Amino acid sequence: MSSAVDATGNPIPTSAVLTASAKHIGMRCMPENVAFLKCKKNDPNPEKCLDKGRDVTRCVLGLLKDLHQKCQKEMDDYVGCMYYYTNEFDLCRKEQEAFEKVCPLK
């Protein structure tokens, strides 16, 4: 895996990309995720929560694009390590540290 985005600059949300970005997703997309989970809890009909699900997807894809623009090399290195080691955080701490230094959690 050479990049976390395709040729047009759109994020490719693979498991390695999502795992590497999980802390950032949790921070930035919390309101959208909470609204979606509340909707799912209150109404078991999946159709009722599609708009909230789209909000979560939009937030995550926007975040991934922002992260890739801000810290492309570090993100690609971290994602590549996670991909190579099947999402084992312990084996990618060096890449994680470099990624979080350039793209800190806010």
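Every residue, even glycine, has its Cβ placed from backbone N, Cα and C.
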| Cross-link partner of C81 (disulfide, per Swiss-Prot) out of C92, C103 | C92
| To which of the residue ranges 5-15, 71-81 does Swiss-Prot assign the term motif 'Cx9C motif 3'? | 71-81
| field | Second cysteine of the disulfide that Swiss-Prot assigns to C59, among C29, C39 | value | C29
| note | The number of other Cβ atoms within 10 Å of the Cβ of C59 (disulfide bond), counted over all protein chains shown, is 17
| task | Taking only the Cα atoms, work out how far C71 (disulfide bond) lies from C81 (disulfide bond), in Å, as a whole number. | result | 15
| task | Output the one of C29, C92, C103 that, of all these disulfide-bonded residues, has the highest number of other Cβ atoms within 10 Å of its Cβ. | result | C92
